[in-house]
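Here's what TrEMBL has on this protein:
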type	residues	note
TRANSMEM	20-39	transmembrane segment
TRANSMEM	51-71	transmembrane segment
TRANSMEM	91-110	transmembrane segment
TRANSMEM	180-200	transmembrane segment
TRANSMEM	206-226	transmembrane segment
TRANSMEM	247-271	transmembrane segment
Amino acid sequence: LWDGSFPFYPNTNACFPFDTSQAVIISVFLSALATFIIILPGIRGRGRFFWFLRGIMGLFVGAVVLMTQFTRDWESGWVTANTSYKSFSRAMVNADIGLHIGLAGVNITLMGNPVNQVNETINYNEHFAWSFDADYDHSYSEGLEKGLPSPILYVAEKFTTQSPCGVHNQYRISGHYASLTLWMAFCTWILSILLFSMPILLYGGYMLLLTAALMLFSLLFLFTARNTPKCPIQFGPTSLKTVYGRSFWLTLATGLLCLLLGLGVIVLSSVQPEKLKLFFNLDDREGKGEAAEGWEKSFL
């Protein structure tokens, strides 16, 4: 022993660094929101509220579609257990073990109760990627070489290609197609914003419906992967089970919101077009309104 630990293990924990992608996305959309608020006093009358409401809903949908690409909590699960800490050691620790499944990989966390046990700080957060440009088995082999704690390696082993659980390909392929459909949803969201600003309201509603359909299809891909038979992840008498995480429910709520908004635009366009134009501040722009009506007929 060397200061109470085995010398062939690294002294520093390999904590996963903070993912700056979400911070960048949030900063960009907050900057756009701040810009809207700054120019809001320049809009006259009741159109100010409608304009601000459209901006809020548009930015919210775009931020959710883009940010969920990089989140790692589509499925999450926690368990508290007494478990062995490292191989070749009889030391037992009490820790919270977390599993967080994303579109491009899996995060496994280990937090001691208390954090300082067996002369170490037990606070790990390891990411194992399974995207098409990453090698999950290689990441797992690197974890073995670094001497990561046994609970992390035990959970990560369940998702390897050689594991008898056989869930690696299901999660990898479903995550790939879910990511692809979300990128398509982001493109259709941009098209809907452009069509609403031209303004071509009816086709903007169609693009919102397509955005909602793509977001719901991405959830369908993840649903099929989750319902495949899984091996139990057992820690003594307790087992680690996952449930749908925040990203899943946020995407579902946003998809339903786009569905309702798209249907509302299409119904109002055919039943009460004047109220729809009032919401988009087109009642005082006759020339532009006539041009929009010409576009909305059959020229597209």
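Including glycine, each Cβ sits where the backbone N, Cα and C put it.
All annotation found in TrEMBL is predicted automatically rather than curated by experts.
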**Asked** Which one of these stretches, 20-39, 51-71, 180-200, 206-226, has the most C-beta pairs shorter than 8 Å to the transmembrane segment (247-271)?
**Response** 206-226
**Prompt:** Given the transmembrane segment (20-39), which of the listed stretches 51-71, 180-200, 206-226 has the most Cβ pairs that are under 8 Å apart from it?
**Reply:** 51-71
**Item:** Chain residues outside the transmembrane segment (51-71) and at least six past its termini with a C-beta under 8 angstroms from it
**Value:** 19, 21-22, 25-26, 29, 32-33, 36-37, 40, 43, 102-103, 179, 182-183, 185-186, 189-190, 193, 196, 211, 215, 246-247, 250-251, 254, 257-258, 261, 279-281
